[in-house]
Amino acid sequence: MREIISLNVGQAGCQIANSCWELYCLEHGIQPDGYLTEERKAADPDHGFSTFFSETGNGKYVPRTIYADLEPNVIDEVRTGAYRGLFHPEHMISGKEDASNNYARGHYTVGKELIDQVLDKVRRVADNCSGLQGFLVFHSFGGGTGSGFGALLMERLSVDYGKKSKLEFCVYPAPQTATSVVEPYNSILTTHTTLEHADCSFMVDNEAIYDICRRNLGLERPNYENLNRLIAQVVSSITASLRFDGSLNVDLNEFQTNLVPYPRIHFPLVAYAPVISAAKAAHEANSVQEMTMSCFEPNNQMVKCDPRHGKYMATCLLYRGDVVPNDAHAAVATLKTKRTIQFVDWCPTGFKLGICYQPPHQVPNGDLAKVNRAVCMLSNTTAIAEAWSALSSKFDLMYSKRAFVHWYVGEGMEEGEFSEAREDLAALERDYEEVAADSMEGEDVEAEY
């Protein structure tokens, strides 16, 4: 089987993972103690388990996942929470002191003490796989552990498991809802370090998700659990085709093949529909056509940027539930007639479809309504460069005064790393500009002939 190991780093990574595993268990009919529910036992055997779960001799399912954090609080909550019986106790690794929102602590001083222990556990989980497909790494850009330790882990995974794909789910610091002053530093340093190690990075921006929760679910003040449950639906949709059967299945490597035209341009924009509250569910038609169109509206996207100003390079539409290929093709045909959706001219068709017949599950007493079909769209668009430019300008403001830099240098980092990381990000922004501009030049060439 094609197994996938999830690695959850730092507070954001661990808490998103909690929501994801809660959802996977519901989808596969696994109880919080790791054993199957009675109705699941009665149904046909499910072979999709083994992608994310390993089975022990006595019929218990254990997630192939590792939690790592430099401070114990978040992981202690998992150790004592409702799902404490599900996870392998040795796969919960926490340190004694945290990274204090400092990339250098996560990457150099504090992180260095924990990394070998984490990699040892990764190796054990990997040895237990018959055909390891790759890693999903969950972390945030803004925190110290997520950025520093997350980057260190990615570097070391590249050394130990060079050819295996590594997909990142990263929480991008939101413009309005910042949790620390040094987020721009951490984000740019971690992006610079992981750029060559990640094959595909799905960014999620807290503010965009706050807005979706407020607007679509009517939550006045969403908390992290509300946000994480929404993120979990997205992660579940992306991984559904690896775990269930469908008519058009998508494999981990297929994501990169279809979404990443150049190795550095690997930050797809994620959109998910329908996000509707239980109260409104009965009044929505929720047709394949409607869902597909709503994915192209900025309101349903997981990062604040406007794709109408950018160009699409590639788009993956992952449907799940009651969707027949015919409907999906019809929806795409309609999309192609829309003038607002512009593709770069060197990538004419650009739509990849995936259909998984397992309908989306909802957490009981959650905010999302139960729907019979959903779609998750992953699109590589040049508009996501807007996210980088906002971050870069904040970085420049602080770095021009060398504010807070002594905390990083004090942990053994060199100041040159800041300017190096900033230059790398500037190069990334230029790469995006060039990709969008290529299509403009192409038009002139045609005119000459």
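Numbering starts at 1 and runs along the chain as displayed.
Cβ atoms are placed via backbone N, Cα and C, with glycine included.
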Binding-site annotation, Swiss-Prot, GTP: partner of Gln11, Ser140, Gly144, Thr145, Thr179, Asn206, Asn228 in Glu71, Glu284, Glu290, Glu297: Glu71
Cβ neighbour count (within 10 Å, all chains shown) around Thr145 (GTP binding site): 35
Largest separation between Cα atoms (Å) of residues that the record links to GTP, namely Gln11, Glu71, Ser140, Gly144, Thr145, Thr179, Asn206, Asn228: 22
Euclidean distance between Cα atoms of Glu254 (active site) and Glu71 (GTP binding site), Å: 36
